[in-house]
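Over in Swiss-Prot, the protein carries these features:
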| type | residues | note |
| --- | --- | --- |
| BINDING | Glu29, His144 | Mg(2+) 2 binding site |
| BINDING | Glu29 | Mg(2+) 1 binding site |
| SITE | His127 | site 'Essential for DHBP synthase activity' |
| SITE | Glu165 | site 'Essential for DHBP synthase activity' |
| REGION | 205-423 | region 'GTP cyclohydrolase II' |
| BINDING | Arg259, Val260, His261, Ser262, Glu263, Gln280, Glu303, Gly304, Arg305, Thr325, Thr360, Lys365 | GTP binding site |
| BINDING | Cys264, Cys275, Cys277 | Zn(2+) binding site |
| ACT_SITE | Asp337 | active site, proton acceptor |
| ACT_SITE | Arg339 | active site, nucleophile |
Amino acid sequence: MTRLDSVERAVADIAAGKAVVVIDDEDRENEGDLIFAAEKATPELVAFMVRYTSGYLCVPLAGDICDRLGLLPMYAVNQDKHGTAYTVTVDAKKGVGTGISAMDRATTMRLLADPDAVADDFTKPGHVVPLRAKDGGVLRRPGHTEAAVDLARLAGLQPAGAICEIVSQKDEGAMAQTDELRIFADEHDLALISIADLIEWRRKHEKHIARVAEARIPTRHGEFRAVGYTSIYEDVEHVALVKGEISGPHSDGHDVLVRVHSECLTGDVFGSRRCDCGPQLDAALAMVAREGRGVVLYMRGHEGRGIGLMHKLQAYQLQDAGDDTVDANLKLGLPADARDYGTGAQILVDLGVRSMRLLTNNPAKRVGLDGYGLHIIERVPLPVRANAENIRYLMTKRDRMGHDLVGLEDFDEAVPGELGGAV
């Protein structure tokens, strides 16, 4: 596995006017870009970039900068397979020659990052390619465009970067891959980070949820307080069902019974027996109600362990043909578990949870939440509800995904009822 540097080092280097190397997912472009802050552009930096990259130099910009400078899309209907938002090319109107030299392009880059620049300061077309970054950065789109803008912003600079793909020194007709990028970064004393690490860093260090509403929800397990949240950078809504006082005059937020439940339309709503999601949700509500204090956090966007409803149905189709739940996902080119718990962790912190007893049979969920500063003092198992339709699925979760599901070996399809009984 390729050694990566810290996001903190990359941000510090960007602030100091150095370049960094950023790699994306191997299932996406699988390339590394040389990135520096546009306002720090120098002829030397641009010349270095031209020497070791494809030479197609781009300047990612925050959307409001593109609007202020009148940078319209290069083509009305974006057909780029990765959704890169190219705008019309530009040169600085003053202080440049033909616009193509390292000195000229550095001038244009700095001007694009100048907060006082206006549309009339540029000629179009030109030799620098501005790119429009998605609002929300890598949390909305895991691309180099957004990574460059995020790094500049985190460095305290204008949200404008300079990027270009690094070419292979072994095969000049190809782009450099991860191992070669590590060697390149070491040779030139550059930080090497991944977009995945930048996403994780932002999820840990920035608040990206908003509390929207609270209402009383009477259920068959008693009354809960429903607290609604939105993810600021994603079109996803979540709801926490809260029982009792989590933190306040009479509670310190510690030792809270918590269930983080992933949305499952088929199991939670339709009562599908292919999974145990519906019974787990019901059991969690009952256990929190009996406790008199706790949270059941319902995470939207986690359907099918994060792959979405349609992909889940496609995975079911493969399972009907003989694949297990893990292999079905992999055959679709999807991870066995794509869930991220950063949003859930922020919601729990906002509710006042400081330490908790986590209701789950999935040890990975504990790791996913623990990484965000929440102290998990105990993992409380949920009852196992096996039936003839889900027994193979549950055994796969136990044997291949490490879920702690005790008693599955006692399941007997010939015996009526479900293993686990009523809660």
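Glycine is no exception: its Cβ is also placed from the backbone N, Cα and C atoms.
Take the CB of His144 (Mg(2+) 2 binding site) and look out to 10 A: across all protein chains shown you find 30 other CB atoms. Of all the binding-site residues in the record (Arg259, Cys275, Glu303), the one with the smallest CA separation from His144 (Mg(2+) 2 binding site) is Glu303. Same-chain residues with CB within 8 A of the center of the Cys264, Cys275, Cys277 CB atoms, the Zn(2+) site residues themselves not counted, are Ser262, Thr266, Gly267, Asp268, Ser272, Arg274, Asp276, Gly278, Gln280. Over the region 'GTP cyclohydrolase II' (205-423) the predicted model carries a mean pLDDT of 89.
In this structure, Glu303 (GTP binding site) is part of a helix by DSSP. For the recorded positions His127, Glu165, Cys275, Cys277, Arg339, a Cα-Cα cutoff of 10 angstroms around His261 (GTP binding site) retains Cys277.
Using a 10 Å Cβ-Cβ cutoff, His261 (GTP binding site) registers 20 neighbours. Comparing Cβ neighbour counts within 10 Å across the recorded positions His127, Arg305, the minimum falls on His127. Cys264 (Zn(2+) binding site) and Glu303 (GTP binding site) have their C-alpha atoms 5 Å apart, to the nearest angstrom. Sequence-distant contacts of Cys277 (Zn(2+) binding site), defined by Cβ-Cβ distance under 8 angstroms and a gap of at least six in the same chain, are His261, Ser262, Cys264, Thr266, Gly267, Asp268. The recorded positions listed here (Glu303, Asp337, Thr360) include no residue with a Cα within 10 A of the Cα of His127 (site 'Essential for DHBP synthase activity'). With Arg259, Val260, His261, Ser262, Glu263, Gln280, Glu303, Gly304, Arg305, Thr325, Thr360, Lys365 listed as the residues that bind GTP, the site has a largest C-alpha separation of 23 Å. In this view, Glu165 (site 'Essential for DHBP synthase activity') is surrounded by 18 other Cβ atoms within 10 Å of its Cβ, with every protein chain counted.
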